[in-house]
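Enquirer: Copying in the features that Swiss-Prot gives for the protein in this structure:
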type: TRANSIT; residues: 1-38; note: transit peptide
type: BINDING; residues: Gly53, Ala54, Ala55, Gly56, Gly57, Ile58, Gly59, Asp79, Asn139, Ile162, Ser163, Asn164, Met273; note: NAD(+) binding site
type: BINDING; residues: Arg126, Arg132, Asn164, Arg198; note: substrate binding site
type: ACT_SITE; residues: His222; note: active site, proton acceptor
Amino acid sequence: MEFRGDAYKRIAMISAHLQPSFTPQMEAKNSVMGLESCRAKGGNPGFKVAILGAAGGIGQSLSLLMKMNPLVSLLHLYDVVNAPGVTADVSHMDTGAVVRGFLGAKQLEDALTGMDLVIIPAGVPRKPGMTRDDLFKINAGIVRTLCEGVAKCCPNAIVNLISNPVNSTVAIAAEVFKKAGTYDPKKLLGVTTLDVARANTFVAEVLGLDPREVDVPVVGGHAGVTILPLLSQVKPPSSFTPSEIEYLTNRIQNGGTEVVEAKAGAGSATLSMAYAAAKFADACLRGLRGDANVIECSFVASQVTELAFFATKVRLGRTGAEEVFQLGPLNEYERVGLEKAKEELAGSIQKGVDFIRK
């Protein structure tokens, strides 16, 4: 079979990235056309995005959604298993982003080199009866290894950390970056967007509104009582009865458990988490592009409280979280909830710090 011009080289290059045995040396041998050679004709330059844990429950759906994002020009999909299959599947979508797959520890550095945004959903999922802290022993080591790769290969990338428990893994990542001398607190972002999405959805149900018209600030952390919806600051301005406040707060805090139990051992909140992760990643990319007033909630290094990390609204820009907003006025219910959240968060953050320092 004959191909015109450089078509054969392009096809060979793309095919190489669908094979688990791919190496940079193979790319150099198969093509002299460079990294951008198989970008869609006429496509915008866009950004280079890596998903670490792309073959997992969250990762597969997230890979699909990021392939659809017009701001992505190059999408690297990394995992320790099944990365070639996910890469092949997603690569058949006729959108502009070029997809490249990477399999196993030996290819981690290649997956990360030159990335603008790194999204990390890697780790084991929650199962019935498990808390996010039950995941710590396994996921802590995974996050450490991946962040060591980030520090070495793309130290200037913005990192979106999804791996649970986020209240601890963000601290782990920070300590890894500090050891490597690459830590920039503005660029390490714990993803809490699903808490906001749930809050918007559940509040909209109570108010009889479209969730897209509702904005609920959710502060604190990303587990149980550390998730604190500020219902007094809901937009559009609304009032709730004490029973509604109790119902909404409890449901938002336990949204993950609701899904785990509903799936009866068949998984966790992978679909809604992938949606939330893609939404937050898109906000980060718009910030990188220089869009004005890109505001989302995120678990970040913060001086809002005495804790080293705290989830609040942040303004995203070219350097990451360029502004961290204060909490604003709280009612008595929220002030009590804040103290409970801080007490729980302090231990979780310290657990992450100790994992690296001890």
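Placed from the backbone N, Cα and C atoms, the Cβ positions cover glycine too.
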Enquirer: According to DSSP, which of helix, strand or coil covers Gly53 (NAD(+) binding site)?
Expert: coil
Enquirer: Validating a neighbour-count step here. Other CB atoms within 10 A of the CB of Asn164 (substrate binding site): how many?
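Expert: Asn164 (substrate binding site): 27 neighbouring Cβ atoms within 10 Å.
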Enquirer: How far is it from Arg198 (substrate binding site) to Ser163 (NAD(+) binding site), counting Cα to Cα, in Å?
Expert: 18
Enquirer: Here's one to test understanding: among the binding-site residues Ala55, Gly57, Asn139, Asn164, Met273, whose C-alpha is closest in space to the C-alpha of His222 (active site, proton acceptor)?
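Expert: If we rank Ala55, Gly57, Asn139, Asn164, Met273 by Cα distance to His222 (active site, proton acceptor), first place goes to Asn164.
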Enquirer: Do you know offhand how many angstrom separate Ala55 (NAD(+) binding site) and Asn164 (substrate binding site) by C-alpha?
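Expert: The Cα atom of Ala55 (NAD(+) binding site) is 17 Å away from the Cα atom of Asn164 (substrate binding site).
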Enquirer: Among the binding-site residues Asn139, Ser163, point out the residue whose Cβ has the most other Cβ atoms within 10 Å, with all shown protein chains included in the count.
Expert: Ser163
Enquirer: If you count Cβ atoms within 10 Å of each one, which of the binding-site residues Gly53, Gly57, Gly59 comes out on top?
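Expert: Per the Cβ count within 10 Å, the most buried is Gly59.
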Enquirer: What is the maximum Cα to Cα distance, in Å and rounded to a whole number, among the residues Gly53, Ala54, Ala55, Gly56, Gly57, Ile58, Gly59, Asp79, Asn139, Ile162, Ser163, Asn164, Met273 annotated as binding NAD(+)?
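Expert: Between the most distant Cα atoms of the NAD(+) site, 18 Å.
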Enquirer: To the nearest whole angstrom, what is the C-alpha distance linking Gly53 (NAD(+) binding site) and Asn164 (substrate binding site)?
Expert: 13
Enquirer: Identify, in sequence order, the residues in the chain of Met273 (NAD(+) binding site) that are 6 or more apart from it along the sequence and have a CB within less than 8 Å of its CB; answer 'none' if there are none.
Expert: Ile58, Pro121, Ile162, Leu194
Enquirer: Using all protein chains in view, find how many other C-beta atoms are within 10 Å of the C-beta of Arg198 (substrate binding site).
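Expert: Result for Arg198 (substrate binding site): 27 neighbouring Cβ atoms inside 10 Å.
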